[in-house]
Amino acid sequence: MLTKFETKSNRVKGLSFHAKRPWILASLHSGVIQLWDYRMGTLIDRFDEHDGPVRGVHFHMSQPLFVSGGDDYKIKVWNYKLHRCLFTLLGHLDYIRTVQFHHEHPWIVSASDDQTIRIWNWQSRTCISVLTGHNHYVMCASFHPKEDLVVSASLDQTVRVWDIGSLRKKTVSPADDILRLSQMNTDLFGGVDSVVKYVLEGHDRGVNWAAFHRTLPLIVSGADDRQVKLWRMNETKAWEVDTLRGHMNNVSCVMFHAKQDIIVSNSEDKSIRVWDVTKRTGLQTFRREHDRFWILAAHPEMNLLAAGHDSGMIVFKLERERPAFAVSGDSLFYTKDRFLRYYDFSTQREVQVIPIRRPGSTTLNQSPRTLSYSPTENAVLICSDVDGGSYELYVIPKDSIGRGDSLQEAKRGLGSSAIFVARNRFAVLDKGNNQVLIKNLKNEVVKKSGLPVPTDAIFYAGTGNLLCRSEDRVVIFDLQQRIVLGDLQTPFVKYIVWSNDMESVALLSKHAIIITNKKLVHQCTLHETIRVKSGGWDDNGVFIYTTLNHIKYCLPNGDSGIIRTLDVPIYITKVSGNTLFCLDRDGKNRTIVIDATEYIFKLSLLRKRYDHVMGMIRNSKLCGEAMIAYLQQKGFPEVALHFVKDEKTRFNLALESGNIQIAVASAKEIDDKDHWYRLGVEALRQGNAGIVEYAYQRTKNFERLSFLYLITGNLEKLSKMLKIAEVKNDVMGQFHNALYLGDIQERVKILENSGHLPLAYITAAVHGLQDVAERLAAELGDDVPPLPEGKEPSLLMPSAPILCGGDWPLLRVMKGIFEGGLDSDIGRGAVDDEEGVEGDWGEDLDAVDVDGLQNGDITAMLEDGEVAEENEEEGGWDLEDLELPPEADTPKVSGNARSSVFVAPTLGMPVNQIWIQRSSLAAEHAAAGNFDTAMRLLNRQLGIRNFAPLKSMFLDLNTGSHSYLRAFASAPVVSLAVERGWNESASPNVRRPPALVFNSSQLDEKVNAGYKATTAGKFTEALRLFLNILHTIPLIVVESRREVDEVKELIIIAKEYVLGLQMELRRKEMKDNPVRQQELAAYFTHCNLRTPHLRLALQNAMSVCVRAKNVATAANFARRLLETNPTNENQAKTARQVLQAAERNMTDASQLNYDFRNPFVVCGATHVPIYRGQKDVSCPYCTTRFVPSQEGQLCTICDLAVVGADASGLLCSPSQIR
């Protein structure tokens, strides 16, 4: 059983499939009717008008109707499109068990516990016949699919067949009055137009179900005696043929399968059983653990069944319908009707090749599952589930293609998967031992190979390679070298499809498609809600696949879309151009012509083949919201612009692509305040002052307009704005404009006119307008406000703008590939011809006269006398008044919009981003300011985890690689990248790496300073210097390989000195532990120091040991000191004296953890010797060795890296990467 869909609900008593749509109705014991989409697995609707359980439900074959019958004695007819019950049929006197529409006439048959069967006309909404004769509950009644018969089953232990032929005649010509009279008596006595044809007796208990065969004169019934009986009938009689025994409880429902010679029954014993009609034996049993089965339903056209049980229902198939096939070049081999068949794609000719054996087994699902073909040997491997998984090998004689009659004995074997892996070798999966057996064409095992993962199926993956599938991953395994070539975690993979060049593979699971390359490196994943069925690669590298109801495509970047819908599922065998070759579920070859325009267009965009894109835009009918959204999403709004006629969408796309001209044209068409405002914002961003002004004028946005004139320094227009504000009696507007203009008299006048005399007086007095101040003081009398004393007034004047007048200068850029080429022949280019929009927008300013504040309005305001004398000059937005600067100063916006569409240049990449892209050197990332990637690189290369000591260096690198220029007073500081090795002859477009503040010469100076401090005995200062060297080296960049080696040597030198100096400083702190003092002094002599420093260390250790009476150890130091040929005579003399004393008394007073004969290194943290052969761990950066217990701790020498961490090594030169 292949379960396709399952629900959890109350007990399901009735089921019905829709004939065309993937829907199923389930009526529940709770009184609810559910409508499910079994393909999507979603509940579409629920209907709950019945009171009590609903036992019967049925879809109409063609109308949007279904009928239901319940324990409330009601039959209801529903329209699922209107989501409501249309009407109710009343007449039954007890529970209604089943209801069914007639396939042809407007009839419904219903069976009821009132011992009657009724036939209703749902168009006239009347009962047209009552079938009486049963003397117990009638459990079911149904029409014959072709003849005028009804079969019913009852608890009176009989099955009855009724002839309703006369009912059909009556429906055709109901002219006879006698028939009409008899209609009145029908309700009382039962009609004369439906008569019992046969009564089938044989069951010992009540019969629960009876059903007709679709074509043969057979009836099947199931009863409470746990038996399924098969009956045959002819014109005159009916008789029992056989009894099928096996159910352990009441049989609740039974039916013939539509496409196979089988009977399906279910029972209260919690099982569904499948029986062979011809052999009359049980084929298979499916059991549930806790749920009794009540009802079965079969799809009228597809190979689907449904069963209702105590806690829901299942939709299932008994057998797979996918034909097994294999494609090789232009040939397709597939199985159909017990034959291996061959199909030629080029000639579209198909022939039978050889018969293949049909298993004599008694279970379902034994048909071939997979097929593998070897073209050189002309051999075919067919795998099926027979005997738990087995294969058959056929070698096809060359001449037999086309004859199809040569019967040959196949070579067989057990194995759940078998595929050809070479010309004459095939691999068979032995699941039990998780191995593959490689066999030759004689079916002999040549080799065995264990598999790297628990495998349940194998697929072809190129010659000598297998693709092994386990539950949650796939692996490509090389059988020769026995190594894994690729490994990927995936959902459970059902099928795989290789591209024609074997470079890409699509892994198909139930609801996902994963596309990878031949090494299983993941490229993209697609998720589908509907089950994925098959797929094939086209010649362009696009994957075409089918779901249950669509043909779809998947581009290499993971974008997908629908090509067309399907009525029935198909299995793609090959994609050639725009032709799809496929097999359907009946094993028939079909060709489907698809429209590839959409995905080829997207593919061309993806591959930046813009010439193809141009051609397709010109020649095809690509359009629609989805395509526009796609272009917008992928960053091609300018292309989308050429598909769009809707002005609002055009406006949005034009703004997005920076195409101001099209935006202006669309804004004019839309003429909406919000759009003008957005146009103004975008024009301001581009520095197109003319269009900003125009947009503000269209929306009467006087405040913004005044501010625009202020920042562009257009004082002439600013004074016009002042007058307009005066005409509109906008006092605040007047005052603002006067303030912007720095016009003191005007401000005083405005304050005086609006009644603010004290403010007017102060303004006049402060600015030295004595006459006006005196006049105002006289008006104010005693209320003259006092001026603040001891304060210097300053003149409040607007600052002069940096750039006066016109638009910002714009870069000259090449037209976009999609611009001029498209404008000439697609739709409306940018701005309509009659509106040749000029750069200074001279004429268009008159457009404001059309609505809102018009010339006439202002004139009317002026006519009241006060400003009438200015009427000739001031007329609102007059053309002469609001003249923009001459055309010579202002670059034209668009002389001819069609021929010179301007494309705003794309933003260049910042220099620091270029540095990061090209470099794997941490120092260059830090210089670019990208500290997090610098830290990640250092962690990966050197295992560094403590970045605190490097913080100041990161900041120095970043600051040192940039220079800062002050621009205008009101503009921000400009940051400039300083590049390494720049000279005047360098190309301006080639970016060099950043200049770095740390270099190797500085390190040499620090090393020398460290040596001097060590010689002078300034150990703390020397330790600081050598540590600083270790902290600087990760951020050094050198040019040559020789310098890289020098830097690495420097790490070793600094590490040795840091270790030695740390031990010496620690020794000096230990006053009360003479043994430990001697040990540390001794270890210091084993650090790799320069000879002068080694002599000092040896002399120091010798002195410490002599004082502690460890004469023998001191003699060893004296001997080593003399071996260095000391130049200082005092050192040599002392050493010789110690040796003479030791010869007299070669003993040690105390035992030290020090054996100079056994080579050792000193642990950087615990300062104990690690002798040769003992386990140790090291710092990945400074290489200091540590005892194993220090693993995972911070290195005590460099204070940067983690001891024992994985690291790739120091990367400090571009030469290491090349």
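From the backbone N, Cα and C atoms, a Cβ is placed for every residue, glycine too.
TrEMBL labels come from automatic prediction, so no person has curated them.
Residues annotated as compositional bias 'Acidic residues' in TrEMBL: 867-886.
What TrEMBL records for 340-584 is domain 'COPA/B second beta-propeller'.
Residues annotated as domain 'COPA/B TPR' in TrEMBL: 627-772.
Annotation source TrEMBL lists domain 'Coatomer alpha subunit C-terminal' at 815-1218. Averaged over the domain 'Coatomer alpha subunit C-terminal' (815-1218), the predicted model has a pLDDT of 77.
The region 'Disordered' feature in TrEMBL is assigned to 867-895.
The repeat 'WD' annotation in TrEMBL covers 47-88 (among others).
Residues annotated as repeat 'WD' in TrEMBL: 89-130 (among others). Within the same chain, residues 14, 53, 55-61, 65, 67-71, 73-77, 136-143, 145, 150, 152, 154, 162, 164, 167-168, 170-171, 183, 186-187, 190-191, 193-194 sit at least 6 positions outside the repeat 'WD' (89-130) and bring their C-beta atoms closer than 8 Å to a C-beta of that stretch.
Feature annotation from TrEMBL assigns repeat 'WD' to 131-172 (among others). Outside the repeat 'WD' (131-172), and at least 6 residues removed from its termini, the chain residues within Cβ reach (under 8 Å) are 94-95, 97-98, 100, 102-103, 105, 107, 109-113, 115-119, 121, 179, 189-201, 203-212, 214-215, 219, 221, 223-224, 231, 233, 238.
For the repeat 'WD' (200-241), the residues of the chain that approach it from at least six positions outside its boundaries are 136-137, 139-140, 142, 144-146, 149, 151-161, 247-256, 258, 263, 265, 267, 269, 273, 275, 277, 280, judged by C-beta separation under 8 angstroms. Look at TrEMBL and you will find 200-241 (among others) tagged as repeat 'WD'.
Counting same-chain residues at least six beyond the ends of the repeat 'WD' (244-285), those with a Cβ under 8 angstroms from any Cβ of the stretch are 1, 205, 208-214, 218, 220-224, 226-230, 291-296, 298-300, 303, 305, 307, 309, 318-319, 362-364. Per TrEMBL, repeat 'WD' is recorded for 244-285 (among others).
Outside the repeat 'WD' (47-88) by six or more residues, the chain places 13-19, 23, 25-33, 35, 94-101, 103, 108, 110-112, 120, 122, 125, 300 with a CB less than 8 A from a CB of the stretch. When DSSP labels each residue, the repeat 'WD' (89-130) comes out as 0 helix, 25 strand, 17 coil, counted as helix, strand and coil in that order.
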